[in-house]
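Undergrad: A single structure is presented below for examination.
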């Protein structure tokens with residue numbers, strides 16, 4: 001087989017022949033790496049011409065050292081977190097400070113009265129404090145550090161040329177003006193401009209989302225974080241560290257620092273309950289002092305009452321629920337990096353999805369559609385000519401050549417001999433080969449940009465308009481095209497044969513997944529750095545709509561401007577909300593889109609896989625890094641997918657909504673318990689005077705601090721089992737409607753309160769033979785037994801309220817999980833045993849099994865009344881239009897969705 005003697009290592013192939021048809025798409029990127037577009041001649045105040053005018057020998061060591069001192073190392077700014085400081089700050093948050101106050105006051109009272117009972121109270125409070133704080137701290141430790149990952153992405157070594165010597169140095173030592181040698185397989189260590197030499201191919205997918213490597217010639221700019229896939233060339237460093245395109249992305253990621261949506265909701269619930277609790281406890285405090293109760297005793301009781309009644313463990317239980325839910329998501333191929341993102345995923349209303357590799361396969365595919373312009377010529381013949389226009393016996397050096405050669409039987413090409421080969425030339429935008437068949441007949445083949453090949457073709461006059469029409473249509477649809485022509489002999493008269501078409505196609509499961517997301521109330525919008533034509537075609541194919549906006553409608557703002565912008569929702573929110581997708585965007589645009597939608601009140605999810613996606617991933621309420629994402633994208637994200645495509649997200653949405661339902665049920669329960677406890681002791685202290693029934697009894701009713709803390713620990717400790725409860729996922733995004741939550745909680749809590757007040761009233765009269773209590777055959781009780789009975793009643797009411805809180809209908813309409821039932825048995829059993837054999841003293845006495853049995857029957861009867869009140873409340877709210885009758889996803893429907901996704905074969 002004859003071969004061309006000129007072996008071109010830099011044959012970049014025709015991957016960019018289509019550029020005039022598709023548009024450049026990223027011409028503005030040249031502005032990056034300088035301080036501003038208006039001041040593009042300067043870099044950090046120094047004129048660029050003086051920096052970059054480096055001779056062929058490179059910088060001297062002295063000059064490099066001077067510039068390193070002037071501009072700093074080639075690394076990203078790091079926001080260091082002191083974990084010990086974070087732990088210390090956890091102990092001085094509002095809720096922990098209340099516990100510290102309770103511990104301090106209880107310690108003072110214990111010291112004054114020299115009471116061992118008080119010492120037990122202090123120990124229990126300290127344990128509660130440590131448990132609450134450490135769980136919160138562990139949650140913080142689990143968060144990913146996006147900046148560390150971005151630094152990790154910066155390759156540690158670079159090949160530099162200084163004083164005529166080429167050697168390897170730590171990449172952080174690079175300075176503007178350095179000459180670096182870029183070679184195949186190596187990362188580009190800083191923003192650079194190509195010097196004289198053969199062109200190279202650069203993979204910029206992590207930065208721009210482009211599917212194909214980009215050919216870079218003398219004068220072209222390459223960005224830090226890209227990778228050289230082929231060729232070798234020298235380049236001049238134009239920007240380093242945080243002044244690079246890559247570094248500006250890091251600045252955007254670092255700028256995001258605010259409370260998550262879930263943390264805000266928990267704080268609001270906590271602050272409201274604390275305010276109510278503080279008001280009630282203040283009234284009780286003033287009243288008890290007015291009747292001359294010991295100051296320290298009153299203070300200790302009120303502070304611990306406040307601690308016991310407000311949801312101290314709200315964050316602990318919710319965090320544990322989220323953590324257990326994360327295990328469920330991990331089984332569904334979704335790894336959670338930030339716990340509270342699970343709650344935000346449940347409420348997500350808009351999902352902004354990166355195109356390349358998420359909605360599409362991230363690989364060019366040769367389309368079956370191959371328009372031909374010569375009578376009787378077949379698709380196979382056109383492909384064979386395209387293959388002959390390359391060195392088919394060698395491993396393909398270009399992505400499009402790879403597709404062409406894979407589409408033909410390469411062994412059939414052995415009947416041909418390559419006489420001469422003209423590699424791809426960017427000035428003529430085509431490649432050409434002279435071929436001899438086995439009969440010795442010579443002919444030429446060429447492939448390249450359609451308009452260039454058409455100009456060479458002798459049949460241009462008859463097919464010109466048709467070719468232009470097809471090319472224009474393909475360009476509008478975002479399909480890359482490559483023309484093929486051949487001569488009938490060794491003459492230069494080419495005949496235009498056909499057009500090869502290439503596209504990064506949607507994943508086979510994407511359209512179905514988007515339909516499912518839409519059914520679940522989540523709108524999917526595409527965001528891509530690709531050309532608008534490609535974006536429109538992808539959206540059209542996926543049924544997402546074709547209202548795709550280019551960057552002309554969105555400003556290119558600096559990182560510091562975006563961080564301070566508070567009017568993005570007003571200025572661009574409606575525009576972003578109505579759009580089906582966005583094309584030709586930079587990281588700043590993605591950040592702006594996400595923030596504008598967030599400022600419109602949407603819970604926004606964002607998927608991505610590259611460095612260019614990291615700022616938007618970090619800014620979104622739910623950042624989702626897809627399978628194969630860069631380390632920077634994974635660290636910026638809240639959830640990392642380990643399965644390809646979007647289908648995993650649909651499953652994760654359903655799972656997160658189940659987790660949300662469990663948390664909401666717990667919050668309803670906990671608020672109801674708070675209402676019962678606070679208002680019960682408010683009423684009992686002020687309106688019930690045990691001394692009126694027995695002169696030996698105190699002037700006001702209360703139970704010891706240890707009993708209040710025991711209720712808190714047992715209730716919140718065992719109620720973690722709600723994380724395993726059987727729930728149904730809502731068809732629509734979940735959200736916290738705190739007004740509705742308080743109304744439903746009050747329906748449950750106030751009913752429980754009424755039953756507790758009624759029992760206290762009856763129990764205080766137990767010494768009267770004519771009382772209803774005695775008429776029921778129940779014995780007279782001491783004051784210590786009444787305290788224990790009330791302790792048991794409140795404890796049992798709390799546990800039964802769990803079942804009232806978990807459904808909108810009757811509590812038996814959905815069976816609880818075995819774990820929840822088991823926890824209920826353990827908690828109620830422990831409370832009953834404590835009531836019968838009370839071991840802590842403090843004036844309380846154990847009650848008989850008979851009284852504990854009566855208490856059980858009493859609480860069970862009232863549980864039905866509580867449930868009726870809850871059902872009627874939901875019916876009333878629905879009748880008033882305050883809540884909607886949202887359907888749930890039953891198990892059969894969920895299984896159908898899951899199986900339908902699994903049935904889709906993904907390449």
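The backbone N, Cα and C atoms fix where each Cβ goes, and this holds for glycine too.
From TrEMBL, for reference:
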- 1-28: region 'Disordered' (REGION)
- 40-111: domain 'Cation-transporting P-type ATPase N-terminal' (DOMAIN)
- 269-289: transmembrane segment (TRANSMEM)
- 295-314: transmembrane segment (TRANSMEM)
- 667-689: transmembrane segment (TRANSMEM)
- 701-724: transmembrane segment (TRANSMEM)
- 736-764: transmembrane segment (TRANSMEM)
- 817-840: transmembrane segment (TRANSMEM)
- 846-865: transmembrane segment (TRANSMEM)
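Each of the listed features needs to be described in terms of its position in the shown structure.
TA: Nonlocal intrachain contacts for the transmembrane segment (269-289), taken as residues 6+ away from its ends with a CB within less than 8 angstroms of a stretch CB, comprise 94-95, 98, 295, 298-299, 301-303, 305-306, 309-311, 314, 667, 671, 674, 678-679, 681-682, 685-686, 700, 738, 741-742.
Same-chain neighbours of the transmembrane segment (667-689): 269, 273, 276-277, 280-281, 283-284, 287-288, 305, 308-311, 314, 317-318, 699-702, 708, 711, 715-716, 719, 722, 741-742, 744-746, 748-750, 752-753, 756-757, 760-761, 764, 794, 797-798, 801-802, 804-806, counting only residues six or more beyond its ends whose CB sits under 8 Å from a CB of the stretch.
For the transmembrane segment (701-724), the residues of the chain that approach it from at least six positions outside its boundaries are 106, 117-118, 120-121, 124-125, 128, 300-301, 304-305, 307-308, 312-313, 316-317, 320-321, 324-325, 659, 662, 665-666, 669-670, 673, 677, 681, 684-685, 688-690, 760, 764, 787, 790-791, 794-795, 798-799, 802, 806, 817, 819-820, 822-824, 826-827, 830-831, 834, 840, 842-844, judged by C-beta separation under 8 angstroms.
For the transmembrane segment (817-840), same-chain residues at least 6 beyond its ends with a Cβ under 8 Å from one of its own Cβ atoms are 117, 120, 704, 706-707, 710, 714-715, 717-722, 724-726, 788-789, 791-792, 795-796, 799, 802-803, 846-849, 852, 855-856.
Packing against the transmembrane segment (846-865) from elsewhere in the chain are residues 751-752, 755, 759, 776, 778-779, 781, 785, 788-789, 792-793, 796-797, 800-801, 803-804, 811, 832, 835-838: each is 6 or more residues past its ends and has a CB under 8 Å from a CB in it.
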Undergrad: May I ask for the residues of the chain that lie six or more residues beyond the transmembrane segment (736-764) and have a Cβ under 8 Å from a Cβ within it?
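TA: Those are 265, 268-269, 272, 347, 664, 667-669, 671-676, 679-680, 683-684, 688, 690, 693, 701, 771-773, 781, 786, 789-790, 793-794, 797-798, 801, 804-805, 855, 858-859, 862, 865-866, 869-870, 872-874, 877, 882-883, in sequence order.
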Undergrad: Can you give me the average pLDDT across the domain 'Cation-transporting P-type ATPase N-terminal' (40-111), rounded to a whole number?
TA: 75
